[in-house]
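Q: Pasting a structure below so you can have a look.
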Amino acid sequence: NLFQFGDMILQKTGKEAVHSYAIYGCYCGWGGQGRAQDATDRCCFAQDCCYGRVNDCNPKTATYTYSFENGDIVCGDNDLCLRAVCECDRAAAICLGENVNTYDKNYEYYSISHCTEESEQC
């Protein structure tokens, strides 16, 4: 769920998720449209695509099992849907961590009205 994802983000980026990523670019946060603005926003676009492939549970509210082991995020559910959601969040958190140097304050609280270009395909 989004709280668990926020915990993963904090572990991988050192940034508090709500303030840094809840309304960032065209895809970080609830929903998304247009073209991702930078590498950080592309991480969120990829997560949205991943969520789109998870059909049997609600990715933003599903509670899954995970742990941190030697700095790695380890998903632990036997339930395939919950594990898939965890893996989507895990991949996005790792991506955000790998691209933390591209984080641009100009895209914080970015208005969705600027996100008018055609979206890439998942």
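Residue numbers in this text run from 1 along the chain shown.
The backbone N, Cα and C atoms fix where each Cβ goes, and this holds for glycine too.
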Q: Scan CYS44, CYS49, CYS50 and flag the one Swiss-Prot records as disulfide-linked to CYS88.
A: CYS50
Q: Which one is it, CYS57, CYS86, that Swiss-Prot ties to CYS75 with a disulfide?
A: CYS86
Q: Quick test of reading the record: Swiss-Prot lists a disulfide for CYS44. Which of CYS28, CYS49, CYS57 is on the other end?
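A: Checking Swiss-Prot: disulfide partner of CYS44 resolves to CYS28.
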Q: CYS26, CYS81, CYS95: which one closes the disulfide with CYS43 in Swiss-Prot?
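A: Of the listed candidates, Swiss-Prot names CYS95 as the partner.
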Q: Pick from CYS115, CYS122: which one does Swiss-Prot say forms the disulfide with CYS26?
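A: As annotated by Swiss-Prot, the paired cysteine is CYS115.
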Q: Could you tell me which of CYS49, CYS57 is bonded to CYS122 by a disulfide, according to Swiss-Prot?
A: CYS49
Q: Round to a whole number and give the Cα-to-Cα distance in Å for the pair CYS28 (disulfide bond) and CYS115 (disulfide bond).
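A: Cα-Cα distance, CYS28 (disulfide bond) to CYS115 (disulfide bond): 12 Å.
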Q: Helix, strand or coil at CYS95 (disulfide bond), per DSSP?
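A: SS state of CYS95 (disulfide bond) = helix.
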Q: What disulfide-bonded residues in the list CYS26, CYS49, CYS57, CYS115, CYS122 lie within 10 angstroms of CYS88 (disulfide bond), counting C-alpha atoms?
A: CYS49
Q: According to DSSP, which of helix, strand or coil covers CYS57 (disulfide bond)?
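A: Note: CYS57 (disulfide bond) is coil by DSSP, not helix or strand.
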Q: Where among the disulfide-bonded residues CYS43, CYS44, CYS86, CYS95 do you find the Cβ with the fewest other Cβ atoms within 10 Å?
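A: So among CYS43, CYS44, CYS86, CYS95, the disulfide-bonded residues given, the one with the fewest Cβ atoms within 10 Å is CYS95.
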